[in-house]
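Reading through the C-alpha cells given below for one structure.
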Amino acid sequence: MNSENFSLSEKIVSPAYVRQGSQARRSHEQLIRHLLEQGKCPEEGWSESTIELFLNELAVMDSNNFLSNCGVGEREGRVASSLVARRHYRLIHGIGRSGDIAAVQPKAAGSSLLNKLTNSVVLDILKLSGVQKVASCFVVPMATGMSLTLCFLTLRHRRPKARYIIWPRIDQKSCFKAMITAGFEPVVVENVLEGDELRTDLEAVERKIEELGAENILCVHSTTSCFAPRVPDRLEELATVCAKHNLPHIVNNAYGVQSSKCMHLIQQGARVGRIDAFVQSLDKNFMVPVGGAIIAGFDESFIQEISKMYPGRASASPSLDVLITLLTLGASGYKKLLSERKEIYSFLAQELKTLASAHGERLLHTPHNPISLAMSLDGLQAESNKAVTHLGSMLFTRQVSGARVIPLGKEQTVSGHTFRGFMSHSEAYPCPYLNAASAVGITREDVTLCIKRLDKCLKTLKKEGSAAKSSSPVPPPCQEDTGEE
C-alpha cells in the first residue's frame, strides 16, 4: 500500500497498529530500493516475503496484468492455466525484443526491469567470484552449448572468411557440437600428458595457426572446468597466442564460476592477452533448473553484439530463477557456498585417496584441476575391461550419480569425427579411472555415502573376479611348459 492507503487504514484500525505495519512495509521497500540503486547482489539474503513482494510489484507493471488492459494483438501475455501463471509470477512477456534479447519491451516494463537487474546482479557475482575486469554480461535462455554457438555465429560476421576453430581436446559432446552447429570445422588439438595430468599442447596450437593461416581461423575455443585428469587449459598462454595472431578467444567456463582458480585464469588471460567472451552454465554454478547460461566478456560492445544476434524474444525463466536464487542467498550466502565447496574438495580428495590405497589403487595427481578428481582402476582392468564398465552401472543402480567410470580404448564418433579413447580426453591415457567432483552444493554426507557405496562395489567386483578365476578350467601343465599345440 502507498502512504495514502495507510492513512485511510488508520480510520479502520488503530493508527498505532497501522504505523507498525507501515514501518514493516518500509523495511521491505528499503531493500528493494538498494537493489534498484546499486544493481548489485545484496550482501545478506532476502526473505521469501520480500522477494515475492518485489516480483509481484514487477508483474503489475506488465500490460497483461493491467486491470483495464484490452489486448488485440497476437502476443498479449495470455495464459490458459492459472498454475502456469503463478509458476512464473505472472511475468509472461519474456525478455528482449525481436532485434535484441537485452532490449526493453514497451508492453512489459516489469519483465524488462527484471532482465536488466538480473544481468547487473550476475555481473556483480562474476566480479565477486574473481573476474574483476569483466565489463558486461547477459543471461541467455540456452544451456552452455547453444550459448557457445551464439558466440561463434556472432564472430562469423567479423571474420567471414574463417572456416576453422582451434580446440584443445575435451571429451564433452555439447562443446564440440556447438562448433559444428555454427557451421565451422573443429581442429582438434590433442593434449599432452604431464605426470597424471592432461594439459594444453601450446606448440601444437601454434603450429595449427601457422599451418591454417590466422585469417582462416574463427577463434581458439578453450576450456576451464573439466573432468580430471584433464585440467584447465593454459589460458594465459593461449590468450597471449591469440593476441599475437589477432585471433578471437572464446572460453567454455561451464562450471568454473564456483572455482576461484578457474576465474583467476580468466582474469589473468584477459590481463596478459585476449579473451573475447566466456560462457558459464546457470544450473551448474547457481543450483537452478537447466536451461540458462551467462555470456560475459571484457568488451561491452562485443557482448552487446552477441545479445543482438539472438533472434526474437526469449524466456524469462532462467533470469527469474537466478535472480530469486541470488536474492535468497545474498553475496555472503553465495561466498559461503563457494568456501564450503572448496573445503569438501579437500575432504573428497582425502577420502578417495584412502579408499584407493585400500584397494591397491591410487588417487591421480591432478593439482591443477580444482573441482574434479580421478582414481585409478588398474586392478579392475586386470580382471577385464567389462569389470571396469560394470562398476559404473553398479554405482548408478546404487544411486551414486555423477561418478564417471572411464575404460580404456573406447571409440565414439561425434558429428563425423571419431575420438579414440573417448571420455578420457586422450587417445591413449595410461589407465582406466573413476571421476568424482566437488561441485557447489555438495555436502560431506554426499561424500561419505559415495565412498561407502564405492567401497562395497569394489569389494563385490573383487569377489566376483576371484570366484570366476577359481571356477575356470585349468589347462594341462604340459601345454604351458612345452608349448605344444
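Each Cβ is built from the backbone N, Cα and C atoms, and glycine gets one as well.
Bear in mind that the values here come from a model prediction, so they are computed numbers and not experimental data.
If you look up TrEMBL, you'll see Arg75 marked as pyridoxal 5'-phosphate binding site. Annotated substrate binding site per TrEMBL: Arg97, Ser98, Gln105, Arg313, in sequence order. According to TrEMBL, the tRNA binding site annotation covers Arg271, Arg398, Lys463. Per TrEMBL, the feature N6-(pyridoxal phosphate)lysine maps to Lys284. Marked as region 'Disordered' by TrEMBL: 463-485.
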*Just name the most isolated of the binding-site residues Ser98, Gln105, going by other Cβ atoms within 10 Å of its Cβ.*
Ser98
*asked:* Which one is it, among the binding-site residues Arg75, Arg271, Arg398, Lys463, that lies nearest to Ser98 (substrate binding site) by Cα separation?
replied: Arg75
*State which of the following recorded positions has the fewest other Cβ atoms within 10 Å around its Cβ: Lys284, Lys463.*
Lys463
*Provide, as an integer number of angstrom, the distance between the C-alpha atoms of Arg313 (substrate binding site) and Lys463 (tRNA binding site).*
58
*asked:* Excluding near sequence neighbours, so keeping only residues 6 or more apart in the same chain, what lies with its CB under 8 A of Arg75 (pyridoxal 5'-phosphate binding site)?
replied: His93
_Using other CB atoms within 10 angstroms as the count, which residue among the binding-site residues Arg97, Arg313 scores least?_
Arg97
*asked:* Considering Cα atoms only, can you say which of Arg271, Lys284, Arg398, Lys463 is the nearest neighbour of Arg97 (substrate binding site) among these recorded positions?
replied: Lys284
*Any further residue of that chain within 8 Å (Cβ to the Cβ centroid of Arg97, Ser98, Gln105, Arg313) of the recorded substrate site*: Gly94, Ile95, Gly96, Gly99, Asp100, Ala103, Gly312
*With Gln105 (substrate binding site) as the reference Cα, tell me which of the recorded positions Arg271, Lys284, Arg398, Lys463 is the closest one.*
Lys284
*For Lys284 (N6-(pyridoxal phosphate)lysine), which of the binding-site residues Arg271, Arg398, Lys463 has the nearest Cα in space?*
Arg398
